Amino acid sequence: MATSAAATESSVRKRRVDSRRTEKERVPGGSLDGTATNGDSEKKKQFVSLQPGTYWLTRIVLLRSVAFIYFVAFTVAYNQNKQLIGENGLMPCKNYLNSVKRYVGGKIGTSALAYTPSILWFLDWTSMDANLDCIALLGMALSGFVLVTGMANMVIMVTLWVLYHSLVNVGQLWYSFGWESQLLETGFLAVFLCPLWTLSQVPSSCPPSLVCIWTFRWLIVRIMLGAGLIKIRGDQCWRDLTCMDYHYETQPVPNPMSYYMHRSPWWFHRFETLSNHFIELIAPFFTFLGRQMCMVNGAIQILFQVVLIISGNLSFLNWLTIVPSWACFDDASLSFLFRCGSRAKEAVLEIQKRKVTGQAPKPTKGMLIRQVVNISLGVLIGVLSVPVVMNLLSPRQVMNTSFDPLRIVNTYGAFGSITKERTEVIFQGTLSPDPKDPEAVWEEYQFRCKPGDVYRRPCLISPYHYRLDWLMWFAAFQTYEQSEWVIQLAGRLLANDSTVLSLLDHNPFQGRDPPRWVRGEHFRYKFSQPGSASAAQGKWWLRKRIGAYFPAVDLEGLRGYFQSRNWPHPHIPPSRS
């Protein structure tokens, strides 16, 4: 009996041990007490937190960012194109296209397309305003879709790129800014982030290409180096660290924060200038020093652009420059932008899990073709970058220049020189029949955003862009002979032209007879001192008259001037005829 009892007890103990071993096998990496080993714990963590090295979420952020800029740009186009390049605009694009057509031999062919790539060549020119509106509205719809959903394919992104190209290439002076080419280059790179047809935030059959990610990184490197080098080679104040003493007051369109930042202590302005040189000339090289340093550069560039957005209205330039900076981050570093349990985040976790467990799908024929396309993109960008790099290395560096007609790879730069005084052209009109009459009352037109009324607070509009206001900044330190469109604008004001007046904030002759005479006065503007008597009176600006910018003109006197330049002469209002 004792022997039998001992045997039974031994059998029970054996079954308990076997049961515990079976439990261990059911718990991966488990020990006899059911706990996980360190190595197995790490594997489990891989399935609940994103790992570095993939760019699925990065792609979503990049696409949404590009779509946001497109949406703003097309919105600006829809609101202002008719007044600037429409049928009755200041510089009608139909006239420009006709001049190009004559230049290339009178035919709309490959020569015309190469000189001015635009789908407007193929549309009905009898309603150019409708064409411009349709392009802008279609661009707003497509970019809005990508922005809201985070989904895009190559068809959508190519369409957006072609549509904006079509506007930029006929926009003439109004689209001559560096950020237009920058948006086109950024938009071109975004095409290769997407699958051909599929609409999905995380298209498993089209993994983000590391080549494409690096083209974005290369873009932000070139943007920063171009901006930094043009400053060092340009204005002396960048070398003696005094440029920021003037920048906030003299930049194209200051905002309310500019008013206060201009009055910062001198040592703070020196610190700003030194920081600018570090960010633009040194930090970009962090991109090539591994994952951590690349992210450091991305964070620095984004923070820098946010500071610029806060301190001035530089259109959508700074917002656009943030876009390629996102490419410095991978999924693990951007996961905080996506809520827990989001479809995109869960999909990426599943993809990473399959890769870790060796269950990743085998490359398909389409994936192999896509790899060839991505490599071809890298080669194309490399070849087109040669003249850009040569320009960066040249002591005669130029900024904001395209070296190919499609503006795929461009050179950039900003504020190579700083104006030390702010001057403004103020349009004034009078109903007096004699402009030389000392009793004549001259009333001022007010633009949407540029300084005019000294009591008006500087506007805050970034990333929106008033193109006419920006060009008025350039006109102020040129002569009206160098900016002839200023005289055309004066003629439109004399006719109370509703198309052009819609670009202005205040027409002093609204609901009254049009002015008999219009003139341009030149003023020097300075910020008032916070806390001073002028500021207490509500003055944001102090101004002093320099002299006449252009003399008083009337419609009849402008007839010959308009005819010599083939401009349509504004109709003389019925009350004057």
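The chain as shown is numbered from 1 upward.
Using the three backbone atoms N, Cα and C, a Cβ is placed for every residue, glycine included.
Some features that TrEMBL has for this protein:
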DOMAIN    175-335  domain 'Lipase maturation factor 1/2 N-terminal'
DOMAIN    408-551  domain 'Lipase maturation factor 1/2 C-terminal'
REGION    1-40  region 'Disordered'
TRANSMEM  56-78  transmembrane segment
TRANSMEM  104-123  transmembrane segment
TRANSMEM  135-163  transmembrane segment
TRANSMEM  302-327  transmembrane segment
TRANSMEM  372-393  transmembrane segment
Mean of the pLDDT scores, which run from 0 to 100, over the domain 'Lipase maturation factor 1/2 C-terminal' (408-551): 95
Two-stretch contact, the transmembrane segment (135-163) and the transmembrane segment (372-393), at least three Cβ pairs under 8 Å: no
DSSP residue counts for the domain 'Lipase maturation factor 1/2 C-terminal' (408-551), split into helix, strand and coil: 28 helix, 40 strand, 76 coil
Chain residues outside the transmembrane segment (56-78) and at least six past its termini with a C-beta under 8 angstroms from it: 50, 132-133, 135-137, 139-140, 142-147, 150-152, 157, 160, 163-164, 167, 183, 186-187, 190, 193-194, 201-202, 207-208, 213, 216, 316, 319-320, 322-323, 326-327, 329-331, 334-335, 337-338, 344-345, 347-348, 351, 463-465, 467
